Structures are given as C-alpha cells and as structure tokens.
C-alpha cells in the first residue's frame with residue numbers, strides 16, 4: 001500500500017492533496033517527502049499499523065487519525081487552497097472537506113518540522129513487517 005503513495009507523488013502532473021502535502025512538508029522541513037517520509041516508521045506513507053516509532057512517526061499517526069475523521073472527504077486527491085508566506089502555511093477558503101484536509105496536512109507538516117531533531121535514518125525505509133505491536137487508537 002505504501003508503494004501507491006510514492007507512485008502518486010512521483011507522477012508528473014499529479015494534482016491533489018498528496019502533492020500539496022508534499023509541498024508543505026518541503027516548506028516546513030526542507031526535505032522532500034520522498035524519500036525522507038514516504039516509508040518512515042510505521043505510519044508515514046500510505047496506511048499504518050503498530051505503534052509509532054518516534055516523534056516523527058507520531059506526526060504521521062496523528063495525520064492518519066485526522067484523515068480518518070474525514071471519511072466522507074476525498075483526502076488523497078481533493079485540491080485545496082493554501083499559501084506559504086513568511087514562514088507560515090495558511091489554509092484558504094473552500095468546501096468544508098477541503099478546509100479540513102488542508103488543516104490536517106498543515107498540522108502534520110508543522111509537526112514534522114518540530115520533530116526534525118528526533119528524525120532517525122534507521123526508520124527511513126522501515127519494513128511494515130516490524131510494525132506488529134497492537135495499534136493505538138486515535
């Protein structure tokens with residue numbers, strides 16, 4: 001499943017919140033989502049299970065929970081309005097779904113920035129098979 005996320009982000013001309021989320025991550029962390037976050041820990045990338053491995057992985061867990069509350073929204077592909085100015089991400093006006101998706105992405109990107117000091121290369125391409133602990137609830 002995670003492979004689908006990376007393919008989606010790499011496709012030329014891809015639009016939607018996955019690409020927008022990638023831009024937010026780059027803005028906040030100065031790192032590309034691929035390869036730094038696409039397969040990180042148990043929750044960064046598509047899907048997730050087990051327990052978050054560290055603060056970075058917890059940002060992705062919380063992001064998954066945020067998207068989980070938006071089950072009726074098209075979280076992966078809905079294009080929303082936002083701006084990157086003066087060091088801040090600001091979500092713009094749109095439908096309720098688009099505004100909420102943007103907020104989920106903004107909060108996660110800011111969380112990843114705050115967690116940069118705890119980023120561990122050992123979790124960069126972490127195999128799903130090592131995420132066997134019982135999952136936390138949102």
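Start at 1 and count along the chain as shown; that gives each residue its number.
Every residue gets a Cβ built from N, Cα and C, even glycine.
Swiss-Prot lists 63, 105 with the feature active site. According to Swiss-Prot, the Ca(2+) binding site annotation covers 43, 45, 47, 64, on the basis of similarity to another entry. Feature annotation from Swiss-Prot assigns disulfide bond to 42-131, 44-60, 59-111, 65-138, 66-104, 73-97, 91-102. Marked as site 'Responsible for the weak stability and toxicity' by Swiss-Prot: 17. For 18, 19, 23, 26, 33, 34, 38, 39, 76, 119, the entry in Swiss-Prot reads site 'Putative interfacial binding surface (IBS)', with the evidence type experimental evidence.
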Inter-residue C-alpha distance, residue 91 (disulfide bond) and residue 76 (site 'Putative interfacial binding surface (IBS)') (nearest angstrom): 16
Neighbourhood of residue 111 (disulfide bond), C-beta criterion under 8 angstroms, separation at least six: 58, 59, 62, 63
